[in-house]
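Report on the following structure.
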Amino acid sequence: MVKNIKIFLSLFFVVVLGLLATTANSMVIGIDLGSQTFKVSLIKPGAFETVLNEQSGRKTISSVGWFKDERLFSSDSFSVWARNPKQNYNLIQAFLGIKYKEGLVEEISNGLPLGFKVKNDTVRNTVSIVYDDDTNYSAEELTGMLLRRVKDMASSYAGSSIKDCAITIPPYFTQQQRQALLDAAQLAGLNVLSLIHDVNAAALSFAMDRTFLEKNESVIFYDMGARHTSVSLVEFESHNEQIKGVKKNKTVSSASVKGIEWDEKLGGFDFDMVIVNHLKTLLKKQIPSANVDDIKITIKLLKEVGKMKENLSVNQQAQIFIGSLVDDHDFQATISKQQFEELSQSLIERSLLPLKKLILSTGIKLKDIEYFEVIGGGVRIPFIQQALKDYLKRDTLDKHLNGDEAMSNGAAFYAASLTHYFKVKEIKLKDILLNSVDVEINNNIINSGGAGETLLEETEDNEDNELNNSGNEQQQQQQPTINQGGLKDKKIQLFKVNSKLGIKKTVSFSSENGFSLFLNNPTINNPLATYTVSNVPTPGEKYNFTGKPKIHCSFRLTTSGIVVLEKAEAEITVSLIKPQPQQNKTSSSTSTTKKNTTTIETTDGGSEETTDETTTKQQQQQEKEEEEEVVVVEKVIEYIQKTIRVPLNFTIKYNGCVEPLSKELSQESNDRINKLDQVDRILRELRQERNNLESFIYETKDKLESNEEYLKCSTQQERDQLVEELDKTSAWLSDALDNDNTETEEYRKQLKDIKKKADKIVNRVSQYQLVPVALEELEDTVDKVKPMFEIASKDLNVTAEELKETTDKIQSVSDWVQEKKSEFKLADYSKDLQTSSFDIKFKLYDLERTIKEILKKKKKPVKPSSSKKDKSSKSSKGKSNSTDEKDQKQKEQKEQQQQQKEESQFQNDGAEEQQFEDDHKVHDEL
């Protein structure tokens, strides 16, 4: 508990106190999309928290499926897994962005009971997941459904729609798998700011509440999830930087990933299957007729094994009991902690291999490891922890992080840092590429350049490489020239292993023709894409140049680990005519204007400018003579050389690769999911109305039988009649449940009808409860009004008759209250009361209105004394008596304050009066 509080406080100070949001809806989420469960962390102004699901759980099962044509998610889907394994889909993320092959499901499941089938999607060269004979879904669609559920859950929890997010991925995901996940997120309506390796998201969580000013720290993060194990070495460093424009320093931290290793087929599920296989052996002995390979039996065993594994973490043995596991046969068995460890020996050895590889590849010494953080559900197994301690020669393993939520917290922090509306602690994540990328250039340019011509230019992308995009660091550039032997081998290592994510590289060479660029992961033989570049400029009318154009192809390695060709340009040096300075023609123009005008005297002695035919002929003759006198000077044309870059067109093909969702396919998938969402909404409304009707029937029956108030407020005959009507409605409901065609509106109409029949008794019960309360309220008001009115009435400008009338009305209401209280005590509650709560409310309203109206009467005018009258008449001829005026104003102010004080007793009654007027209208209608 204390540890969780510390974690919460650290997140609070890191994010909440350092968080500036510019808009009301500024929110981001981090999604840890695990194979078994997913966790979601939310950052919004003033809060950094884990999103709770409908059951108030902090983690949710990653499952989607159908049962009786109804789509189900998470625990609902998981609960019917054994009953409908063919249409319940687990481990869907493992099918993202992979090619189809025979036995794929068995290979991915690794013994897990996946009951669905897959087919070959020949259009996109990937897998298609079978729903029935006529319907298939892509892995992107099913994952998109799950992510849309995540989005809706987070938006409901936050109270506002959320789109921006970061999603964790295993480090071994290929570019096709990463792109497929991005496509799935787009179908869900999410804006993925970046993907992030899950183990490195945990590293960000580690750095959020720490600084490393004293020394750099090397930390290994060991994450064993449900399906894979990954290990990362991260070096943390902090330094102080001066804030621009302010004489203050800020602390900037960095998390540099030095290496990552993994086992993509080792996780907590594998240890579960060890126990499942052991139980199958015992089951076969107990019930020889049992088919232990039956998928439904395997699923039932697997559901119980999770609890057994938890028990073995703290106890020496665990038991299992499943009733009617095989036909009518029950199954009961036990397994000890020692047996579990012995059966898992090969897995224990495998659990150390990624760690050994990491230490070997990075060259780090065990003594230099400051912390060894363990996260994920798999490391809760005691003998796994012991094996790690023995290898590391440590007495304890570090557990500073929440093993379940560190990844989602780190992803949310990462997402917030990539937005413009959050300012968080400055931590620069320097993640790395885990598989090198080569680019191969086609045969058209084998002999296009000389040795050493190809240039590989590297540029750091400040826009999305650094966690905090403060812009403090200048753009770094490296321009190493790589001798490709005149491109004879045509291959260039574009990005090597451990290249920093978020950088750009430009490949430059000379070519006269179009060409193709083939991207590939050579270490895992994974083709990525083929870019065909065209419209390379040639010398002609449009471009006046000589020689071969120099081609520049700019590739970007995104923070999500995806390589794309951003642009291709041809650099050429063209000859342009040097612009000549323009001559000043103002004087000649003025002169010409003067030549083309003549002055004609008018009869009134004025002058007028005109251009008649005679004048025009004279001007033409004069201009002709002037042109003959012009000396012809030869114009010299000068040329200048200018280097320009011409954008080139390119297309992309995925020959032999898994294709991303095209715009058209994405729209089709989105439409399919929207239709399913609409069906879900209709089913929810139908179920809600059905439940409302069913609840009303049962609750009303129960009240008629045992509720004291209902028994008082009804006769036996009325109760019997209502019960009979309820039974009829119940019979209708029973038939409707068997009829799948019953519409939502029919349930709604049945509920309305039965409520109308129950209104007589329900209203009596309501009045039985409301009348005493209303009488008490009215009596309390009268008790307060009496003394207040006696005081206030002395200063009112009212007649004695008006005063008596109001006083009598107050007393009349008081007497009426006492009369109705006595009447209520003696009333027959099985009949309608003579006085309702509306009547009492009207009395209250009428009394308050009367008091307010009389308090608005003006005060009696103060009569001035005779001496003051004399002084006043005298002062009218000169200056007024300022002292008397001042006294008079003060007295008037006091009187006004007194009046306001008296009226303030009723100043809040306006809203109540309006409400009561509305109620009274309803009462009149009734």
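Cβ atoms are placed via backbone N, Cα and C, with glycine included.
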Pick from 403-406, 755-758, 923-926: which range does Swiss-Prot record as motif 'Prevents secretion from ER'? 923-926
Let's check the environment of ASN544 (N-linked glycosylation site): how many other CB atoms sit within 10 Å of its CB? 14
Does ASN649 (N-linked glycosylation site) have same-chain partners at least 6 apart in sequence with Cβ under 8 Å from its own Cβ, and which are they? VAL533, SER534, ASN535
Would you kindly give the Cα-Cα distance separating ASN249 (N-linked glycosylation site) and ASN544 (N-linked glycosylation site), rounded to the nearest Å? 55
Report, in whole Å, the straight Cα-to-Cα distance of ASN216 (N-linked glycosylation site) from ASN311 (N-linked glycosylation site). 40
Averaged pLDDT score, the motif 'Prevents secretion from ER' (923-926): 37
Integer Å value for the Cα distance linking ASN120 (N-linked glycosylation site) with ASN216 (N-linked glycosylation site) is 50
Once near-sequence residues are set aside, which residues in the chain of ASN216 (N-linked glycosylation site), 6 or more away, have Cβ atoms under 8 Å from its Cβ? GLU235, PHE236, GLU237
Do you know which of the glycosylation sites ASN136, ASN249 has the most other C-beta atoms within 10 angstroms of its C-beta? ASN136
